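See structure below.
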Amino acid sequence: MNMSLPADRDTAKKPSAQKPSAHAQNATAAVDVTALGLTESEYTQICSLLKRSPTKSELAIYSVLWSEHCSYKSSRRHLRQLADLTEVTKKHLLVGIGQNAGVVDIGGGWAAAFKIESHNHPSFIEPFQGAATGIGGIVRDIIAMGAKPVALMDSLRFGAASDPDTQRVADGVVSGISFYGNCLGVPNIGGETAFDPVYQGNPLVNVLCVGVMRRENIRLANASGPGNLVVLFGAPTGRDGIGGASVLASDSFTSDAKANRPAVQIGDPFVEKLLTECCLELYAADLVVAIQDLGAAGISCAASELAHNGRVGIRLDLSAVPLRDTTLAPDEILVSESQERMMAIVHPDNLEAFFEITNRWGISGAVIGEVDNSQYLTVVHEGKTLVRLNPKTLTGPSYNRPVKKPAYLIRRSAANRLPVTNDPHLLREDILQVISCPNLSDKSVITNQYDRYVQGNTALCHPDDAGVIRMYKNTGVALSCDGNSRYSYLDPHAGAQLAVAEAYRNVSVVGATPLAVTNCLNFGNPENPEVMWQFRETCRGLSDACKRLEIPITGGNVSFYNQTDGKDIFPTPVVGILGIVDNLTQTLTSGWNAPDLFIYLLGVTRPEFGGSVWADTMYGHIGGVPPKLDLARESRLSNLLVAGAKKRVFESAHDLSEGGLIQAIVESCLRHGFGADIALDTIRATSLTEALFSESASRVLVSCRSQEDLRDLCRRNSYEYTLIGTTRHTGELTISEIGKFTLNELSDARQKVTRVLFRG
């Protein structure tokens, strides 16, 4: 479902010109609407809109399209601020919020479509299929924009690494992502994986996809042309996924939720691969007037969105729908979420050519309706009219839910009161313990399951800070997705801004100019005023950060009801940023690539441990406030990094975020196997603990050959720099105040947890 933001509508509607049959009308007499996910108040509102009782099929449609997942009824009023654009942020934006994905101009007549979405609840119940179909769904969103999918990323959150069920969920999710993505032939170039007890029983599976196309080939989900035909093509419709949007994605559930397995969709990546190539050929032949993928709510959602966006009517005949299960009732056909299906609007003169292409690719299809001037969605089955309603009524209500600042924020204790030390023996133990914690551990056992180089255009991928895909000539598209739920738990407004800043920085450190943002907002129960306060503050933080950085939000996804057994997850905004690389020969990797390089820390280190990995790992402490962020400095840092890459001032660049300086140093050593000699006394810090583990924002670790060039670049951008060491040939990291670590020792420490968890 698109993150469209329709206006809060007047619920007074004219009665339909043609009512459904009496038989169909009476079908809702004994229906328990609450079992369908509707409230009694919402059912009354539906009756008021229709001026009558809904039919069984109409009620099935409303129950899904008025779900939280589809309607954004709790989030819509807060999301409006994300759509605010200035003349500067409009510069590269071609398609914004409201379509299947955002589209930005990347130069040379090319455009990139990108979006991130969630598949959280299904991935707990059936981890493999839940995650796999999450990949399939986001890929079809990109295809529906007219683009060829060229890269994937994922942001994953699992429960405690020590919990027995985490291995089942994590292993299944990663296997599902790798299976579907690898079979589809789309490279997975990066992302993030985190573990925390707050996600026990409610993992987060957020998937980002980017596709490319010529600017003139952008497709929209706007039906037009009365008399044009509605064609359903792809896999036949089955029973899987019925009620997925309302049963799984729009309600809380208990940790024992196996009964919901039928609501999890089943995917076939080989059909999706054929469907992808088929669509691209249909676009090249200009045979599609409009197109919509089938995801949440299936046929009912796709048809209503096409009609609503195009301000036309659509008449469907369910008798013409190709079925995998012939026992499906009409209302089940309407809301089935069977995968690998698309709905296209086709001119009658082009129908023969359309089916010639689908048949060549082995894709089945059928004409199931046509566009008309009625402004209504009409559905018939075996001659009986089952549905007659205005698609505008399907956008759902807009709630102004109460908000309340959480009580835990009043009781939080400051992290800067935790014990710090300058003792070298204690610090050595701290370093090994922190870098081996689940959230900082080596994730290559995950990413090695993904085909990162299929299609042959991957220039950078994990473990670098951003992935880069080769584009026209020698340019590239850079992608990063980031989030820190501990920061958002402590301060949702600041946490959202820090997520934007980190993704922005990660794109910049590879030498790319950030262009646009997509986001996935994962929250608990919206009926909880404290959760709604978190959500409101997060939206405000996203809006403020993007305006300050002059970068547009192109769309995204909201996932509420991430709550199991009454316990809400931490607020978890995940931000994806797309950037453009002017020259791929100037991209930067995250690790030292030679000995005898000078190592510099850019930025200022402060005693900032609120929400840090160090505080959580060493003391089980999550309190205080997140690191302070100055977005003007973040913008200057980005300009400095991009300029330094173009002028070849840097040999490498690595963002500092979770784990602070020591994590960046260790990863930079292990990236290409070069050690380093580090001295911490040049860093202005109150303790060695602060120098090593502080998570102060807007900092980057760089290496260079010419110190004068680096210092001159920093001075011209008014940015702080500190020489902290040099790289070395031997496989050792020496910190003068602490001692030596072998790279094997560091590598083993970082692999302990994930090797066990993912059967590595």
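Using N, Cα and C of the backbone, Cβ positions are placed for all residues, glycine too.
According to Swiss-Prot:
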| type | residues | note |
| --- | --- | --- |
| REGION | 1-25 | region 'Disordered' |
| ACT_SITE | H69 | active site |
| BINDING | Y72, K115, N519, G556 | ATP binding site |
| BINDING | E117, N557 | Mg(2+) 1 binding site |
| BINDING | S118, H119, N120, H121, R140, Q265, E337, S338, Q339, S559 | substrate binding site |
| ACT_SITE | H119 | active site, proton acceptor |
| BINDING | D141, D293 | Mg(2+) 2 binding site |
DSSP-derived structure type at the residue listed as 'active site', helix or strand or else coil: helix
In sequence order, the binding-site residues (K115, E337, G556, N557) whose C-alpha falls within 10 A of D141 (Mg(2+) 2 binding site): K115
Candidates H69, Y72, N557 (recorded positions) - the one closest to S118 (substrate binding site) by CA: N557
Cβ neighbours within the same chain of D293 (Mg(2+) 2 binding site) - under 8 Å, at least six residues apart: N100, G137, R140, D141, I143, A144, A302, R341, M342, M343
Distance check against N557 (Mg(2+) 1 binding site) for the binding-site residues Y72, E337, N519, keeping those with Cα within 10 Å: Y72, N519
Neighbouring C-beta atoms (10 Å sphere around the C-beta of S118 (substrate binding site)): 27
Candidate with the highest Cβ count within 10 Å, taken from the binding-site residues N120, Q339, N519, N557: N519
Other CB atoms within 10 A, centred on E117 (Mg(2+) 1 binding site): 25
Nearest-integer angstrom distance between the alpha carbons (Cα) of G556 (ATP binding site) and the residue listed as 'active site, proton acceptor': 13
Cβ neighbour count within 10 Å of Y72 (ATP binding site): 25
